[in-house]
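Taken from Swiss-Prot, the feature beta-nicotinamide D-riboside binding site covers 188, 192, and the record attributes it to similarity to another entry. What Swiss-Prot lists as topological domain 'Cytoplasmic' is 1-21, 128-157, 207-239. Under the heading topological domain 'Periplasmic', Swiss-Prot lists 43-48, 90-109, 178-183, citing sequence analysis as support. Annotated transmembrane segment per Swiss-Prot: 22-42, 49-68, 72-89, 110-127, 158-177, 184-206, in sequence order, evidence recorded as sequence analysis.
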(Lines of atoms letter the chains of each structure in order from A and count residues from 1; the text may use other names and numbers.)
(Lines give C-alpha, C1' and ligand atoms only; values in the text may rest on other atoms or scores of the structure.)
Protein backbone atom coordinates (compact mmCIF):
# COMPACT_ATOMS: atom_id res chain seq x y z
CA UNK A 1 0.00 0.00 0.00
CA UNK A 2 1.11 3.57 -0.68
CA UNK A 3 3.31 4.92 2.15
CA UNK A 4 1.62 8.32 1.88
CA UNK A 5 -1.89 6.90 2.38
CA UNK A 6 -3.48 7.37 5.79
CA UNK A 7 -5.09 3.96 5.20
CA UNK A 8 -1.66 2.29 5.38
CA UNK A 9 -1.80 1.42 9.07
CA UNK A 10 1.40 0.72 10.98
CA UNK A 11 -0.17 -0.27 14.28
CA UNK A 12 -3.47 -0.17 16.13
CA UNK A 13 -3.00 1.50 19.50
CA UNK A 14 -5.54 0.13 22.02
CA UNK A 15 -6.03 3.41 23.86
CA UNK A 16 -9.41 5.09 24.28
CA UNK A 17 -12.76 4.19 22.76
CA UNK A 18 -12.08 1.98 19.74
CA UNK A 19 -8.34 2.57 19.93
CA UNK A 20 -6.32 4.57 17.42
CA UNK A 21 -5.00 3.48 14.01
CA UNK A 22 -1.55 4.98 13.52
CA UNK A 23 -0.60 5.18 9.85
CA UNK A 24 2.96 4.94 8.55
CA UNK A 25 2.90 8.53 7.28
CA UNK A 26 1.68 9.87 10.63
CA UNK A 27 4.25 7.80 12.53
CA UNK A 28 7.15 9.05 10.40
CA UNK A 29 5.80 12.62 10.50
CA UNK A 30 5.49 12.45 14.27
CA UNK A 31 9.03 11.08 14.71
CA UNK A 32 10.32 13.87 12.46
CA UNK A 33 8.46 16.39 14.61
CA UNK A 34 9.96 14.99 17.80
CA UNK A 35 13.46 15.11 16.28
CA UNK A 36 12.83 18.67 15.11
CA UNK A 37 11.88 19.87 18.57
CA UNK A 38 14.62 17.90 20.31
CA UNK A 39 17.31 19.28 17.99
CA UNK A 40 15.92 22.81 18.27
CA UNK A 41 16.27 22.61 22.06
CA UNK A 42 19.97 21.85 21.45
CA UNK A 43 20.19 24.82 19.04
CA UNK A 44 21.00 22.48 16.16
CA UNK A 45 20.18 23.93 12.74
CA UNK A 46 19.39 20.41 11.50
CA UNK A 47 16.07 20.72 13.36
CA UNK A 48 14.71 22.53 10.32
CA UNK A 49 15.39 19.55 8.05
CA UNK A 50 13.16 17.37 10.20
CA UNK A 51 10.70 20.23 10.58
CA UNK A 52 10.29 20.33 6.80
CA UNK A 53 9.65 16.57 6.74
CA UNK A 54 7.10 16.93 9.55
CA UNK A 55 5.04 19.72 7.97
CA UNK A 56 5.21 18.12 4.52
CA UNK A 57 3.91 14.75 5.72
CA UNK A 58 1.21 16.32 7.87
CA UNK A 59 0.23 18.52 4.94
CA UNK A 60 -0.32 15.32 2.94
CA UNK A 61 -2.33 13.86 5.82
CA UNK A 62 -4.53 16.96 6.07
CA UNK A 63 -5.08 16.85 2.31
CA UNK A 64 -6.32 13.26 2.50
CA UNK A 65 -8.69 13.88 5.40
CA UNK A 66 -9.87 17.16 3.82
CA UNK A 67 -8.64 19.50 6.55
CA UNK A 68 -7.69 22.09 3.95
CA UNK A 69 -7.38 25.03 6.36
CA UNK A 70 -4.86 23.03 8.39
CA UNK A 71 -3.13 22.12 5.12
CA UNK A 72 -2.76 25.82 4.33
CA UNK A 73 -1.22 26.40 7.77
CA UNK A 74 1.36 23.70 6.99
CA UNK A 75 2.36 25.78 3.96
CA UNK A 76 3.09 28.67 6.36
CA UNK A 77 5.10 26.39 8.66
CA UNK A 78 7.01 25.05 5.65
CA UNK A 79 7.99 28.61 4.68
CA UNK A 80 8.86 29.40 8.32
CA UNK A 81 11.17 26.37 8.47
CA UNK A 82 12.93 27.49 5.29
CA UNK A 83 13.38 30.99 6.73
CA UNK A 84 14.52 29.64 10.09
CA UNK A 85 17.12 27.46 8.38
CA UNK A 86 18.41 30.52 6.54
CA UNK A 87 18.34 32.81 9.60
CA UNK A 88 20.13 30.30 11.83
CA UNK A 89 22.79 29.63 9.20
CA UNK A 90 23.89 33.27 8.88
CA UNK A 91 27.31 33.94 10.37
CA UNK A 92 29.34 36.95 11.42
CA UNK A 93 32.76 37.79 9.98
CA UNK A 94 34.21 35.73 12.87
CA UNK A 95 32.31 32.66 11.61
CA UNK A 96 29.98 32.71 14.59
CA UNK A 97 26.22 32.37 14.42
CA UNK A 98 24.70 35.80 13.82
CA UNK A 99 21.61 34.99 15.90
CA UNK A 100 22.08 34.36 19.61
CA UNK A 101 19.61 32.85 22.04
CA UNK A 102 18.06 35.72 23.99
CA UNK A 103 14.90 37.04 25.58
CA UNK A 104 12.58 39.46 23.84
CA UNK A 105 13.15 43.09 24.92
CA UNK A 106 10.24 44.35 27.01
CA UNK A 107 8.69 46.54 24.26
CA UNK A 108 8.73 43.64 21.78
CA UNK A 109 7.39 41.24 24.39
CA UNK A 110 4.46 43.56 25.12
CA UNK A 111 3.82 43.98 21.40
CA UNK A 112 3.71 40.23 20.83
CA UNK A 113 1.48 39.81 23.89
CA UNK A 114 -0.96 42.34 22.44
CA UNK A 115 -0.88 40.58 19.07
CA UNK A 116 -1.63 37.24 20.73
CA UNK A 117 -4.48 38.56 22.89
CA UNK A 118 -6.18 40.44 20.05
CA UNK A 119 -5.69 37.62 17.54
CA UNK A 120 -6.99 34.95 19.92
CA UNK A 121 -10.02 37.11 20.74
CA UNK A 122 -10.84 37.68 17.08
CA UNK A 123 -10.21 34.05 16.13
CA UNK A 124 -12.46 32.81 18.94
CA UNK A 125 -15.34 34.86 17.55
CA UNK A 126 -14.64 34.25 13.87
CA UNK A 127 -12.88 30.86 13.84
CA UNK A 128 -15.58 29.10 11.80
CA UNK A 129 -15.74 31.69 8.97
CA UNK A 130 -11.93 32.05 9.05
CA UNK A 131 -11.40 28.31 8.61
CA UNK A 132 -14.13 28.24 5.95
CA UNK A 133 -12.29 31.03 4.10
CA UNK A 134 -8.92 29.29 4.43
CA UNK A 135 -10.49 26.06 3.21
CA UNK A 136 -11.98 27.79 0.17
CA UNK A 137 -8.61 29.40 -0.61
CA UNK A 138 -6.86 26.02 -0.32
CA UNK A 139 -9.47 24.35 -2.55
CA UNK A 140 -9.17 27.10 -5.17
CA UNK A 141 -5.37 26.80 -5.21
CA UNK A 142 -5.47 23.02 -5.52
CA UNK A 143 -8.10 23.18 -8.26
CA UNK A 144 -5.93 25.70 -10.12
CA UNK A 145 -3.09 23.17 -9.87
CA UNK A 146 -5.31 20.56 -11.51
CA UNK A 147 -6.19 18.55 -8.40
CA UNK A 148 -9.68 17.06 -8.28
CA UNK A 149 -10.90 18.40 -4.94
CA UNK A 150 -14.23 19.76 -3.77
CA UNK A 151 -15.22 21.95 -0.85
CA UNK A 152 -15.71 19.64 2.15
CA UNK A 153 -18.60 19.93 4.55
CA UNK A 154 -17.29 21.84 7.55
CA UNK A 155 -18.49 21.32 11.12
CA UNK A 156 -18.58 24.08 13.76
CA UNK A 157 -15.46 24.13 15.92
CA UNK A 158 -16.02 22.26 19.19
CA UNK A 159 -13.40 24.25 21.12
CA UNK A 160 -13.23 27.70 19.47
CA UNK A 161 -11.25 29.44 22.22
CA UNK A 162 -8.69 26.68 22.78
CA UNK A 163 -8.27 25.97 19.07
CA UNK A 164 -7.75 29.70 18.52
CA UNK A 165 -5.10 29.72 21.24
CA UNK A 166 -3.27 26.80 19.66
CA UNK A 167 -3.40 28.27 16.16
CA UNK A 168 -2.29 31.79 17.09
CA UNK A 169 0.34 30.74 19.62
CA UNK A 170 1.78 28.13 17.22
CA UNK A 171 2.30 30.76 14.54
CA UNK A 172 3.87 33.22 17.00
CA UNK A 173 6.05 30.52 18.61
CA UNK A 174 7.36 29.45 15.20
CA UNK A 175 8.23 33.04 14.30
CA UNK A 176 10.02 33.56 17.63
CA UNK A 177 11.94 30.30 17.22
CA UNK A 178 13.30 31.41 13.83
CA UNK A 179 14.76 34.45 15.65
CA UNK A 180 16.05 32.41 18.64
CA UNK A 181 13.90 34.07 21.29
CA UNK A 182 13.52 32.07 24.52
CA UNK A 183 9.81 32.84 24.71
CA UNK A 184 9.09 30.44 21.86
CA UNK A 185 9.60 27.51 24.23
CA UNK A 186 7.27 28.95 26.84
CA UNK A 187 4.59 29.22 24.17
CA UNK A 188 5.19 25.64 23.01
CA UNK A 189 4.70 24.44 26.59
CA UNK A 190 1.34 26.23 26.73
CA UNK A 191 0.33 24.91 23.30
CA UNK A 192 1.26 21.33 24.17
CA UNK A 193 -0.56 21.37 27.52
CA UNK A 194 -3.71 22.65 25.80
CA UNK A 195 -3.33 19.92 23.17
CA UNK A 196 -3.02 17.21 25.85
CA UNK A 197 -6.32 18.28 27.39
CA UNK A 198 -8.21 18.80 24.11
CA UNK A 199 -7.22 15.42 22.67
CA UNK A 200 -8.05 13.71 25.98
CA UNK A 201 -11.50 15.33 26.00
CA UNK A 202 -12.03 14.08 22.44
CA UNK A 203 -10.99 10.57 23.47
CA UNK A 204 -7.90 10.57 21.23
CA UNK A 205 -5.60 9.38 23.98
CA UNK A 206 -2.74 8.36 21.68
CA UNK A 207 -2.41 11.97 20.49
CA UNK A 208 -2.77 13.19 24.07
CA UNK A 209 0.13 10.93 25.06
CA UNK A 210 2.22 12.29 22.18
CA UNK A 211 1.68 15.85 23.39
CA UNK A 212 2.63 14.89 26.93
CA UNK A 213 6.01 13.84 25.49
CA UNK A 214 6.20 17.09 23.51
CA UNK A 215 5.44 19.04 26.69
CA UNK A 216 8.44 17.53 28.47
CA UNK A 217 10.67 18.23 25.45
CA UNK A 218 9.46 21.85 25.40
CA UNK A 219 10.07 22.19 29.15
CA UNK A 220 13.61 20.93 28.66
CA UNK A 221 14.04 23.30 25.72
CA UNK A 222 12.88 26.16 27.94
CA UNK A 223 15.40 25.22 30.62
CA UNK A 224 18.29 24.94 28.18
CA UNK A 225 17.54 28.16 26.31
CA UNK A 226 16.99 30.12 29.55
CA UNK A 227 20.41 28.96 30.77
CA UNK A 228 21.99 29.79 27.40
CA UNK A 229 20.44 33.28 27.40
CA UNK A 230 21.64 33.87 30.96
CA UNK A 231 25.20 32.91 29.98
CA UNK A 232 25.03 35.50 27.20
CA UNK A 233 23.82 38.18 29.61
CA UNK A 234 20.25 38.32 28.31
CA UNK A 235 17.53 38.84 30.91
CA UNK A 236 13.77 38.43 30.65
CA UNK A 237 11.71 41.60 30.13
CA UNK A 238 14.77 43.83 29.95
CA UNK A 239 14.73 47.07 27.98
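Cβ atoms here come from the backbone N, Cα and C positions, even for glycine.
When each of 22-42, 72-89, 158-177, 184-206 is checked for Cβ pairs under 8 Å to the transmembrane segment (110-127), 158-177 comes out on top. When the binding-site residues 188, 192 are compared by the number of other C-beta atoms lying within 10 angstroms of their own C-beta, 192 comes out lowest. Summarising model confidence by region, the topological domain 'Periplasmic' (43-48) averages a pLDDT of 96. When DSSP labels each residue, the topological domain 'Cytoplasmic' (128-157) comes out as 17 helix, 0 strand, 13 coil, counted as helix, strand and coil in that order.
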